[in-house]
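Asks: Structure provided below as structure tokens; questions to follow.
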Amino acid sequence: MAKDKEKQSDDKLVLTEWQKRNIEFLKKKKQQAEEEKKLKEKLLSDKKAQQQAQNASEAVELKTDEKTDSQEIESETTSKPKKTKKVRQPKEKSATQIAFQKSLPVLLGALLLMAVSIFMITPYSKKKEFSVRGNHQTNLDELIKASKVKASDYWLTLLISPGQYERPILRTIPWVKSVHLSYHFPNHFLFNVIEFEIIAYAQVENGFQPILENGKRVDKVRASELPKSFLILNLKDEKAIQQLVKQLTTLPKKLVKNIKSVSLANSKTTADLLLIEMHDGNVVRVPQSQLTLKLPYYQKLKKNLENDSIVDMEVGIYTTTQEIENQPEVPLTPEQNAADKEGDKPGEHQEQTDNDSETPANQSSPQQTPPSPETVLEQAHG
């Protein structure tokens with residue numbers, strides 16, 4: 001029996017390599033677990049210590065803040081003078097820096113002058129390009145020629161003083177009402193032109209001569225070049241033409257467009273009486289001195305006019321026709337003259353009316369005096 005027990009103990013002591021490694025692995029794992037446990041305990045203790053230290057520091061800071069507040073209050077009450085801060089003085093510049101700053105404007109001016117001088121020597125300083133805007137009767141070549149711009153002129157001269165090139169255009173070309181020479185980079189110049197409008201045409205030999213709104217005449221044009229509707233002035237006196245053109249510019253454009261021609265009526269009583277033919281077939285007689293005052297009434301009267309009517313504005317305003325004016329006037333008899341002189345006597349006036357009733361039917365009555373402008377306007381509105 002004793003031998004059997006010794007054999008069993010010997011079997012227990014003999015271990016394989018794998019068993020030995022396993023035993024070592026378990027021991028190491030146990031040691032690591034114990035070390036991790038110790039580290040956790042140490043970390044917990046450290047955290048507690050840090051928290052306690054932080055609480056203590058906050059308490060100390062609160063105490064120090066209270067002390068500083070109390071000290072500030074005490075300092076305000078005692079009104080102790082504050083310490084002045086030291087002002088930093090700028091560093092002194094050297095003599096060379098001061099001299100450079102003083103000479104810098106002179107250097108820049110000299111460089112600019114040198115650059116301009118070099119540019120003026122080059123051919124680019126005289127190269128110019130032109131264009132025109134707003135023209136209908138003039139072209140670019142005429143404007144350049146009238147402005148007296150030379151190929152040798154510097155474009156800087158045009159930029160600095162454009163007026164000396166604009167004034168000759170206004171004196172030379174009658175079409176131009178205003179002109180402005182504007183500059184565009186790098187060397188382009190634009191003629192901004194405003195032209196006079198054509199108010200009427202004067203009939204001359206082999207054509208028609210346009211009359212501008214300033215009263216000046218320009219080169220004649222052919223009949224094929226005329227617009228569909230235009231106004232013809234058949235007046236010879238240039239002063240009267242210029243005055244009439246100025247008057248027409250003040251009238252409504254719709255009324256002026258309806259005028260076909262204007263000529264002198266050759267009246268013995270009114271020297272400046274004008275005969276105005278309208279495109280609608282009517283004729284207006286009006287003194288030139290009263291044109292702007294009376295002619296606008298035609299716009300209201302024409303609504304009630306028959307075709308080919310005559311509106312006489314020489315004395316007052318009344319309407320008639322050519323047929324009525326062509327009728328011969330019957331001279332008054334001596335009895336009618338006597339009745340006119342003794343119109344205050346009722347008996348004789350009644351006798352004269354009886355005699356008038358016996359006159360032949362083919363005799364026309366004397367011409368009536370024209371009504372006033374107010375009466376005609378009331379009839380037109382009615």
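Here, residue 1 is simply the first one shown, and the rest follow in order.
Cβ coordinates are placed from backbone N, Cα and C, and glycine is handled just like the others.
Marked as topological domain 'Cytoplasmic' by Swiss-Prot: 1-103. The region 'Disordered' annotation in Swiss-Prot covers 36-92, 322-382. The compositional bias 'Basic and acidic residues' annotation in Swiss-Prot covers 36-49, 60-70, 338-352. The transmembrane segment annotation in Swiss-Prot covers 104-124 and is backed by sequence analysis. What Swiss-Prot lists as topological domain 'Extracellular' is 125-382, and the listing cites sequence analysis. The feature domain 'POTRA' is assigned by Swiss-Prot to 125-196, with sequence analysis given as support.
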Asks: Can you work out which residues elsewhere in the same chain, 6+ from the ends of the compositional bias 'Basic and acidic residues' (36-49), have a Cβ less than 8 Å from its Cβ atoms?
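Replies: Long-range Cβ neighbours of the compositional bias 'Basic and acidic residues' (36-49): none found.
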Asks: Run through the domain 'POTRA' (125-196) and tell me, per DSSP, how many residues are helix, strand and coil.
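Replies: Counting residues per DSSP class in the domain 'POTRA' (125-196), I get 26 helix, 22 strand, 24 coil.
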Asks: Take the compositional bias 'Basic and acidic residues' (36-49) and count its residues per DSSP category (helix H/G/I, strand E/B, coil), listing them in that order.
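Replies: Looking at the compositional bias 'Basic and acidic residues' (36-49) with DSSP, the answer is 14 helix, 0 strand, 0 coil.
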